[in-house]
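Below is one structure, written out as structure tokens; comments come after it.
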Amino acid sequence: MDARSLWLHRRYYSSTSQWILSFTIFLILALAFVETPSSLTRTSDVRYRPDPWEAPCGLTEGIEALCLLVFVADVSVKSYLIGWAQFRRNPWLLAYLVVLVVSLLDWVVSLSLVCQEPLRVRRLLRPFFLMQNSSMMKKTLKCIRRSLPEMASVGLLLAVHLCLFTVFGMLLFTGEKDAGQDRERLTYFFNLPEALTTLLVLLTTANNPDVMIPVYSRNRAYAIFFIAYTLIGSLFLMNLMTAIIYNQFRGYLMMSLQTSLLRRRLGTRAAYKVLSSVTAEGEAHPERLGVKPEDFLKVLQKVQLDSDHKQAITEKLHSRSGGLLSADEFQKLFDEFDKRVIKEHPPRPQYQSPFLRNTQFVFGHHYFDYLGNLMALGNLVTICVFLVLDAHVLPKDRDDFVLGILNCIFILYYLLEMLLKVFSLGLRGYLSYPSNVFDGLLTIVLLVLEISTLAVYGFPHRGWKPAMLGLLSLWDMTRLVNVLIVFRFLRIIPSMKVCVQVRRVTALLLSQLMSLVASTILDLIKNMRAFGGILVVIYYVFAIIGISLFRGVVVAPRNSSLASDNGSAPCGSFEQLEYWPNNFDDFAAALVTLWDVMIVNNWQVFLDAFRRYAGPWSEVYFVLWWLVSSVIWVNLFLALILENFLHKWDRRSHLQPLTEEREDTSEMTEELPFRDVLEEPTEEELVEKLSRHPHLQLCR
């Protein structure tokens, strides 16, 4: 707690230091795309994939060494700041140290073997650097770990359900007289592993109704077996798993967030006690006297804090009457840190002419934004109409005269809209709205593309389909313009939240619902860092394992007898569907393959193909991936959506004034959306914990 250590603490948690650490984590994770096997090819299809560029030995290892040195410095500073006694009790920091030691040893082995080692253990450990740097990821992992017993109980029921119906199926479909039964047995229930795999895939409905058709076409009574299995497994047990994960997720994550709130309040109260002791040093009970506002302002100017929060706290401090700050007033000042400061927009230009003032009022009104949204919708509709009309026309035979004229008109309107908004709001006022910045950038890009098109191909006319000139053909440039126009249509999303200001009773419920959906989507994007980080971790680990297990097992048809020609391959097989780009020959291809399996659409094709190419044990890998990604993570994501949506719905059900609610929501801090349902710690709890704090030793 000396001055030098506190200086180091502030420097370590400064934005620059944390940015360097975050960039180092990103860099070491991104090395997987360049390391052997390299992902630097245009396609991952084994039939067309060229030999990739491979980094020379020592290049990626040198970058990795720099990253590891940054992590060594990071763990060294952390251990110094918290002390060895606390370091030994922190499992994450101990694991951090172990991971660094193992990574450095493995790095030395790689160099000693001239980068020819068959397995790099440190690749599997890299996602740990991402996890240990995020407190929310640690809390989410803790939530998952504590939810495992309840999930295991439902998993056991699923296993019993699967095994029982597997036995029933093998007993039902063993007939030799019925051709349908024999076909069912040979295709789906030939042996126990085959039957287990078939019904496991049916649990995700990926092979429904294919698995049922052979016997159902002979006797409709066999449908009862498959309907009962799907009803119990997919509709009851799997949804029960979702309910359990949602319940446990909310409970344990709320508990973790409650603990975080307690630590914040303890820090605030400790700061109050320190400043109050400075205010009246030598008094018997200095904490009862309060804190001088000038002492608070002196400290505020020294701390590393963004200027907006400093200004908001200073204004709130100056707005109160004189006297010392009490503990409650001190806490209310710190509550400003929990809010996102709403910046005031610059004042609009002042025009002397009445005509200019009226023009400024018209084009600065929000109805002008609605007109812009309507024009964007009209532009999108025209593009869709021409896509439908030209669906069966080859690009070389299309006449883009009408669409070219319409695009010119709409782009000119977008330019006029941007200029009129700049006139009404001023340049600084126009740029203070993120939606205007988004529109303006796309409008400029569209204008440049349109001018380039006219300069190269001339003005639109009948039969406007010249040959390719320059870098892009007319068709390519038109497609690029249309893609940007469709992307610009996203401007209506913020307008959905603005629509809640509509006061008409007939539009009230609709605007509420649109605002609710739009705000839920935006909040999910803000609050997805922890869940997205966990998804990155599991993808990274499974991709590295998949490369180690299945690299090179899927080969081009001309090099393997297993990979049949497309014409002779069984219908619905890996070869007939031409799934050749789905492999584990490099890191990027492995990520896409894992994504396709996570969606569970046709994932039985992957199970069958890798069982033939790599062996039956490969199914264990894909089943584990399905459990971790589709069952656990997807249900966690669903729990986040439900909690966010229901929380906002409960708040709106009180029929509060819409403008007040919008203002309150916009000020909430960017954490998970449970902030206002947490309980504030009591005064007695704060005092009791501070009295036992080992580092808060004040003069009495």
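Keep in mind that glycine also has a Cβ here, set from the backbone N, Cα and C atoms.
Since the structure is predicted, the reported quantities are computational estimates derived from the model, not experimental observations.
TrEMBL annotations:
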type     : residues : note
TRANSMEM : 12-34    : transmembrane segment
DOMAIN   : 20-249   : domain 'Ion transport'
TRANSMEM : 93-114   : transmembrane segment
TRANSMEM : 154-174  : transmembrane segment
TRANSMEM : 223-246  : transmembrane segment
DOMAIN   : 366-645  : domain 'Ion transport'
TRANSMEM : 367-389  : transmembrane segment
TRANSMEM : 401-420  : transmembrane segment
TRANSMEM : 441-460  : transmembrane segment
TRANSMEM : 531-550  : transmembrane segment
TRANSMEM : 623-642  : transmembrane segment
Query - Long-range neighbours of the transmembrane segment (623-642), counting only residues six or more past its ends (CB under 8 A) - result: 140, 144, 151, 200, 204, 238, 241-242, 245-246, 249-250, 520, 524, 527, 531, 534-535, 538, 542, 594, 597-598, 600, 603, 672
Report summary line: Across 12-34, 93-114, 367-389, 441-460, the most C-beta pairs under 8 Å with the transmembrane segment (531-550) come from 12-34
**Report entry** Leading contact stretch, 12-34, 223-246, 367-389, 401-420, 441-460 vs the transmembrane segment (154-174) - CB distance under 8 Å
**Finding:** 223-246
Query raised in the report: Where else in the chain does the transmembrane segment (223-246) make close Cβ contacts, counting only residues six or more beyond its ends and a cut-off under 8 Å?
Result: 147, 150-151, 154-155, 157-158, 161-162, 165, 168-169, 172, 199, 202-205, 208-209, 211-212, 216, 631-632, 635-636, 638-639, 642-643
Report task. Would you kindly list the residues that approach the transmembrane segment (367-389) from elsewhere in its chain, counting only those six or more residues past its ends and only Cβ-Cβ distances under 8 Å? Result -> 402-403, 406-407, 410, 413-414, 417, 420-421, 439, 482, 485-486, 488-489, 491-492, 495, 498
Report task. Calculate the per-residue pLDDT averaged over the domain 'Ion transport' (366-645) and state the result as an integer. Result -> 78
